[in-house]
């Protein structure tokens with residue numbers, strides 16, 4: 001009995017020791033976690049302090065004054081801005097005074113903006129007074145917005161000007177501002193300094209070949225957008241002298257068949273063959289089905305008892321057997337060449353056909369092109385009679 005009592009006491013002592021050790025371990029782990037979290041917080045604070053000391057680096061987002069003060073332009077400033085948009089003012093200096101934006105200096109100017117710049121800037125600027133300066137270069141949409149904040153100016157006025165910039169630009173209109181510049185020293189407001197800054201901004205820096213090509217593509221795209229819609233007019237190749245004579249004879253009904261080709265090597269349109277007379281049944285054998293060709297054919301026929309004369313232009317473009325360059329040149333030269341054939345050589349084209357190797361060039365096919373079958377008008381839907389039309393019927397007995 002005494003042995004059992006001792007065993008029980010030993011077990012209770014071991015259990016108590018285990019609980020004490022578990023509690024100590026939990027406290028130690030909790031303290032370690034608090035120290036780790038505190039160290040992380042201290043590290044982040046140190047990083048923020050260090051970043052504030054060294055300022056924003058390249059690639060980092062620049063801090064901006066997101067909160068606006070609600071300071072608006074007074075009536076005098078709105079009037080000055082309207083005069084500036086009408087090109088009646090060359091320079092407007094704006095300051096924040098009594099919780100409103102007001103004009104501090106205005107200059108009408110002359111026809112030369114460089115002389116006006118020398119006459120006003122930087123004399124009209126006070127080093128201890130942050131301000132906005134609007135200066136018009138040439139047109140009403142070429143305004144320069146200068147934000148002048150000297151390092152010696154009071155901090156409160158610096159903050160007020162920074163928090164009013166977005167409101168001021170919305171009051172004046174962002175579409176009128178061509179350039180924006182931030183100045184902290186009156187020496188940077190001289191004409192020489194401004195022209196150097198403007199030249200450096202407009203000139204292109206060193207670029208790689210890929211960047212230069214992208215820039216040229218953007219310039220071309222902008223030029224096309226400003227020029228309006230463009231229409232592809234084709235490529236005008238010169239016509240060979242023999243081809244010119246053959247086309248003139250065709251126009252005077254001296255030839256019945258004239259076939260031409262595009263010389264892709266010399267970039268010219270040359271004569272292939274001519275015939276004084278050709279039956280419609282033999283036309284298909286004269287048009288090659290493996291090479292593109294321009295063909296003129298004077299088709300004399302009788303339709304409904306009346307003799308008629310028509311000049312057909314047949315543009316044969318096979319689906320295979322010709323190179324891509326050849327197909328593109330034939331397609332691009334067709335429009336300018338037909339214009340020259342009608343205007344310069346007097347060929348009156350009645351109908352045009354575009355065929356490939358599978359199309360039919362028989363006399364029946366030519367007649368269908370010249371005299372197409374009349375298209376039947378679509379029949380109107382015959383609306384059924386309403387339900388109660390006609391005599392009344394007995395449904396019940």
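Cβ coordinates are placed from backbone N, Cα and C, and glycine is handled just like the others.
All TrEMBL annotations are machine predictions without curation.
TrEMBL lists 38-53 with the feature compositional bias 'Basic and acidic residues'.
Residue counts for the domain 'ADF-H' (62-199) by DSSP state, with H, G and I taken as helix and E and B as strand, are 51 helix, 33 strand, 54 coil. TrEMBL lists 62-199 (among others) with the feature domain 'ADF-H'.
Sequence annotations record features per position, and here TrEMBL assigns domain 'ADF-H' to 234-371 (among others). The predicted model assigns the domain 'ADF-H' (234-371) a mean pLDDT of 88.
Under the heading region 'Disordered', TrEMBL lists 35-62 (among others).
Summarising the annotation, TrEMBL assigns region 'Disordered' to 378-397 (among others).
Taken through DSSP, the domain 'ADF-H' (234-371) splits into 46 helix, 43 strand, 49 coil.
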